[in-house]
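Just below is one structure, and these are the notes that go with it.
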Amino acid sequence: MPGRARPAWFTGAVESSALFTIPLWLELTAVAVGGIQGAMFAARLTERQIDLLGIGLIGVLVALGGGLLRDLLINQLPAMVQNNWYLPTATGAALFGMLLFRIFNRLNGLIIVLDALTIGAFGAIGTTKALAWGVPVVPAVFVGVASAVGGSILRDIALNLPIALMHVGSLYAVAAAVGTILIVVLVAFGVPMLIAGIACVVVTTLIRLGSVRWGWSLPEQRAISGWRVWRRA
Amino acid sequence: MPGRARPAWFTGAVESSALFTIPLWLELTAVAVGGIQGAMFAARLTERQIDLLGIGLIGVLVALGGGLLRDLLINQLPAMVQNNWYLPTATGAALFGMLLFRIFNRLNGLIIVLDALTIGAFGAIGTTKALAWGVPVVPAVFVGVASAVGGSILRDIALNLPIALMHVGSLYAVAAAVGTILIVVLVAFGVPMLIAGIACVVVTTLIRLGSVRWGWSLPEQRAISGWRVWRRA
Amino acid sequence: MPGRARPAWFTGAVESSALFTIPLWLELTAVAVGGIQGAMFAARLTERQIDLLGIGLIGVLVALGGGLLRDLLINQLPAMVQNNWYLPTATGAALFGMLLFRIFNRLNGLIIVLDALTIGAFGAIGTTKALAWGVPVVPAVFVGVASAVGGSILRDIALNLPIALMHVGSLYAVAAAVGTILIVVLVAFGVPMLIAGIACVVVTTLIRLGSVRWGWSLPEQRAISGWRVWRRA
């Protein structure tokens, strides 16, 4: 379509070297939330004899797996191997979560809120990192969603369970997707990265919490069943 | 063995910067075939409550997972994040395949043919991409086979099923392996890439379809059982 | 903490371009041990119809999967695609292990010893490769452990089994972790790489064999259960 300008978000020419970043202490807090969550999830599997190493590995996968998927998808050195703090934080938080399971279990509401903030932040970080490395907008959103929810996917694969987020349940990846689409649109319209990132976190968190509170979910897979009737008409 | 020239296919010195490529529209058609197939596979799992997101993810894994494995194995930026079209095509085709399941189910023969062509093409693309990046011939064949069948492996892992192609059944990876070995041999003998690639697609497709038609399969694992007798002799 | 010098192992400034390497023939022997082990593991799954391709793939995953994870984690071209020998050795050894299952089964003690040496060597190779590419010490240990035990993780995922090393059993990853931590400490103190590497292999092997012999294991996951009592006090 020569002569007709396409919008930047369509051509994927959203150029942005700006990254949405959060301070290391905040990132490590998010990592710790992931580690604690991983341990709490594993604690339900009492019939299996998961040992301390297994808990540590689940913590690493939940907390750092999304970032690992992100960096594999954009062919960059994974952030988790660039810094001495990520791995001990994730494993330490997981062991802490295991020991204090009864306390954290009572704080479940708080953990759901912290987790919702975390997937919002990881989605924003992932999408803007992908854009900064020249990834077009559609896969940049995919990379952001993978950053946000990849940890839960790797957790389920490691525990030999069906991947929870592929099944009917509260919205998780959808919340991250809406937030990351928003950030791409805002950046394409020239909104400063900090504001776009915060908007992404807020929207993701609201959708996630609304979904938990009011039971929003995606419909189950379903084929159109009326063909016979329709063809008769 | 100094002084004795080894053939190029042995030393891995098959130098080829030529790629077997197909036009984007054809590649997107292959991606769509993968997405539809993924949805048709998931449709059988009616006892699970797979939702629309799960169908979309299965479509992405089946259609784009082979290329992702290929690019991870050769440490290149995955093709799926370089272009805005791959991901929407894969997810869209999967949702389409889900809705029109009854129609596609009746077209099963056509889909098996299209899939056979697809694994032939993905094998040729993967092997020649690996050769072009300097990978020796044996791992280049491996990369080609991973491109061709990686999607079905990732599908089974994501659905928490045993990996189908590791079990006795119609030939799938074997068809891709014969085709990709053929392409390496032909390129080593100086055959132009286009002809070698087409030969790979044709041979892969014929083996795959022959296997489906006549029930060819690899034997089940089996240890030599006659040791006691043999040792007595 | 300006003005206060931190030890090198803490800041991650262990600079080492030296690699602990072993001759190719020794590495291929380790790969073959992995392939045979993979086949022996798969041979127990008699109720599944695993075919020859499945055995070959298990051999590749067990023998080369750890190195693949290592190279993905440090974003380098995987070693397995840089050389024509790795893949045929792994698949050949797996098919050999399948055919001669009864013989290798009687040599189980020998195979456990060879495997213990292998995880020691792979841990040392992985950690020093990570250090050489600038990875800080903590993730370098993680990369080394992933090199050592990654094959068994990928094996279990491919076979749709719970990951063995996450569950109570003889020490495996722990042995690799102690060995790789030792190598990092020794290198930080200026010990030559060859000696540090050999120390890693020896320590890993001793812990692994001691664990098999005397049944050492990590405790199962467990929450602190005395909170109610404690809060009453």
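Heads up, the Cβ atoms here are built off N, Cα and C, so glycines get one too.
Unlike curated entries, TrEMBL annotations are predicted automatically.
Since this is a predicted model, take the numbers as computed values, not measurements.
Copied over from TrEMBL:
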- C:24-100: domain 'Glycine transporter' (DOMAIN)
- C:113-186: domain 'Glycine transporter' (DOMAIN)
- C:20-43: transmembrane segment (TRANSMEM)
- C:50-73: transmembrane segment (TRANSMEM)
- C:85-101: transmembrane segment (TRANSMEM)
- C:108-125: transmembrane segment (TRANSMEM)
- C:131-150: transmembrane segment (TRANSMEM)
- C:181-207: transmembrane segment (TRANSMEM)
Across the domain 'Glycine transporter' (C:113-186), average pLDDT on the 0 to 100 scale = 95
Residue distribution over DSSP helix, strand and coil in the domain 'Glycine transporter' (C:24-100) = 59 helix, 2 strand, 16 coil
Under the DSSP assignment, what numbers of helix, strand and coil residues are found in the domain 'Glycine transporter' (C:113-186)?
-> 59 helix, 1 strand, 14 coil
